[in-house]
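Enquirer: Following this message is one structure expressed as structure tokens.
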Amino acid sequence: MRLKNTYRGLPKELYSDLLDRVWLGECDMDKLENFTYNKGGVSTLLVNEDLAKDMGLDPKLLYSKDMALVLTGKNKIKGTEPIAQAYMGHQFGYLNMLGDGRAILLGELEVGDKLVDIQLKGSGRTIYSRGGDGKASLGPMVREYLISEAMAGLGIATTRSLAICLTGEDVFRYKREKGAVLTRIADSHIRVGTFQFAEQTGGKDMVKDLADYSIKRHYKDILDDENKSSSSNIYIEFFRRVLNRQAKLIADWMSVGFIHGVMNTDNMAISGQTIDYGPCAFMDTYRLDTVYSSIDKAGRYAYKNQPTIGAWNLSWLAHSLVDLFDQDHEKGLDIAKKELEKFHLIFHSFWFDKLKKKIGIYGSEEDDSRLLFELLTMLEKYEADYTNTFLAMTYDELDYRELTGIKNLFESDEFKAWKDKLDSRRSLDIQKSRAKENDYKNLMKQNNPVIIARNRLVEDIISGLENGGDLSELIELASALKNPYELNQVNIKLAKKDISTPLTYRTYCGT
């Protein structure tokens, strides 16, 4: 594992060395037999072996106690100097100084033609801990592991989870819990809040340094002359790319009923990946104002509000970049405003495209939006399960009566009449040579998962592990979530479980 740390090339204010950390030893990756460690108690609970192989890593190595000590932040890899990153964040609308309070960046690994961050989450205090212990408990780490891998299986841009290690220590939250560390993989951990910190700390110059680094790392084709617009500059194009990725990401979330739960500016990655799975959840019963997060008392981050909050967060990125858009501040503001005005149009384009695929229609017709709106209105009216509705529409071989939460919808005259409209719309695709007879079925199968990381599934696994259970159910679910669109026996069994959660169900931010 040869790690770089190009982030150290940025202004020193953007990160902190771990000067107060006492490392127990160093790992020489070429001489593991000489690995020095002084204390035990750590162990590897789970390794994402497929991801490890994709990264060119040996899963067996990650299971060793040597690496468990590295992946819990007790020892470091020889020749590396881990850091904690600084950033700010609008949390529920209020700007705060934050930073990696319980995470450290081990470094960056070259995978193919890009660098990926390797971060340890829950590995102890940093300068940004703000009085916290810097630790994490097992439950939230298992939750992030499962849901991030579920998102990857669904084809949604996300950070990944490489491993969960146990620290052998107790962590005190609402109760005594097992300490754990998650090894998180990300294209980077640069957030909208990172730009806010740069703006507040170093002004235009530091923002420019950070933007230049971000472009080279995530959007380097912007620097190619043929991709430059004569009427733009690279920073405007950078903002457009981030905005476009966020619009697509939120549309992807909503297409599978995902609610992030804490869309603060520090939880929006400029890479376009989903990051920080705190109080997130997948919606069971379709309701636009669904909120699961226990701390979101006013429903700021409700399912229906996610596009609006996404645009609001991006307005703060634009605020940080505005003086790079134009030397004249007022002209820069005008540019920012015009670019931000495009967000909702771009989002709705992605959103309607996803919904049309979910009901199996191609192209565009005048009444498509009405057809989609009528379906979503019925889902809410009949309190239908979101995932199961589309699942039953996709597979004729599945009896809707065996799937939770959709019987009332499917047996209503209103839904049957709507289905007749849908059939007519599909016939139009065939008449206009946009699709063949059964193409719509394949389109739906590619866009309607058989399973998601249901809240009860995740909670039951966490509860079992916290009470001394084995890994069998965790491994089974993690494996199934890698292929959520497959109609196989395991997925059918999980899909038919009566495990919907009530609207009063609440998630807690522990990651």
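For all residues, glycine too, the Cβ spot is worked out from N, Cα and C.
Curation does not apply to TrEMBL; its annotations are automatic.
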Enquirer: The ATP site in TrEMBL lists G99, G101, R102, D133, G134, R184, R191, D276. Which one of K121, K175, K178 belongs there according to the record?
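Expert: My reading of TrEMBL gives K121 as the candidate in that site.
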Enquirer: Count, for each of the binding-site residues R102, R184, the other C-beta atoms lying within 10 angstroms of its own C-beta, and report the residue with the smallest count.
Expert: R102
Enquirer: Going by C-alpha positions, which of the binding-site residues (G99, R102, D133, R184) is nearest N267 (Mg(2+) binding site)?
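Expert: Out of the listed candidates, the nearest Cα belongs to G99.
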Enquirer: On the three-state reduction of DSSP, what should I expect for R102 (ATP binding site)?
Expert: coil
Enquirer: Which has the fewest other Cβ atoms within 10 Å: D133, D266, D276, the recorded positions listed?
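Expert: Result for the recorded positions D133, D266, D276: minimum number of other Cβ atoms within 10 Å at D133.
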Enquirer: List the Cα distance (Å, whole number) between D266 (active site, proton acceptor) and G99 (ATP binding site).
Expert: 9
